[in-house]
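Novice: After the structure tokens below, expect a handful of questions from me.
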Amino acid sequence: MTSFKIAPSILSADYANFESELKKLEATGAEYAHIDIMDGHFVPNISFGAGVVASMRPHSKLVFDCHLMVSNPEHHIEEFARAGADIISIHAEATPHIHGALQKIRAAGVKPSVVINPGTPVEAVKNVLNLVDQVLVMTVNPGFGGQAFLPETMDKIRELVVLREVNQLNFDIEVDGGIDDKTIGIAKEAGANVFVAGSYVFKGDVNHQVQTLRDALHD
Ligand code: DX5
Ligand code: ZN
């Protein structure tokens, strides 16, 4: 049986109150806290760094799913591992050393995850699928919350499902960007099982919003 996981993104939370925002998320039964790290270089925005992650760590038991939207992520892995990341996602587009960088994440005792942007084919990560615990298929171009879901990315999820089966691999498939109570079902049907949602979760009562996502998965 596939296990579905909801991963609210704190990019849309109140940055002055991360402790209470995390507590609210934990009370919803969400499995992960998705933490978006942006460097103003790989993506235009700057969000927050490892220091913020380390400060949040003692206040939450949620799985910290750290999505590094940074150039040359291999230079920052130990830092995020020390800060308390449980999963580190790095972009195939962000480094010429994706294979070594994923190995570095595993060696740091963290679950490695590889990310592809909407314009990047599955082919780009085919040779590292055996190294990862998760593949993150971006369903928007990274950098901002609140963008519209790109349905054309669903074919890549279907491709990954086939590759996982044929090669007897074992990784989760995560989607990130434009996930709401409608699009979550589309991503589930394609084969995704981890669902990031930022603006949808924080635009209303967090508990209610997470439950509507959960309900949509079981429709
Ligand atoms: C986008 C980030 C996302 C973002 C999603 O670059 O990687 O995690 O928080 O936001 P929504 O759910 O609003 O599209
Ligand atoms: Zn993200």
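Quick reminder: no glycine exception, Cβ is built from N, Cα and C everywhere.
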Novice: Among His67, His75, His76, which residue does TrEMBL annotate as binding substrate at the site that also has Ser9, Gly143, Phe144, Gly145, Gly146, Asp176, Gly177, Gly178, Gly198, Ser199?
Specialist: His67
Novice: Can you check which residue among the binding-site residues Ser9, Ser199 has the largest number of Cβ atoms within 10 Å of its own?
Specialist: Ser9
Novice: Could you find out if DSSP has Gly145 (substrate binding site) as helix, strand or coil?
Specialist: coil
Novice: Cα-Cα, whole number of Å: Ser9 (substrate binding site) versus His34 (divalent metal cation binding site)?
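Specialist: Per the Cα atoms, Ser9 (substrate binding site) and His34 (divalent metal cation binding site) stand 4 Å apart.
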Novice: Near Asp36 (divalent metal cation binding site), which of the binding-site residues Gly143, Gly178, Ser199 can be found within 10 Å, Cα to Cα?
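Specialist: Correct set: Gly143.
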Novice: Based on Cα distances to His67 (divalent metal cation binding site), point out the closest of the binding-site residues Gly145, Asp176, Gly178, Ser199.
Specialist: Asp176
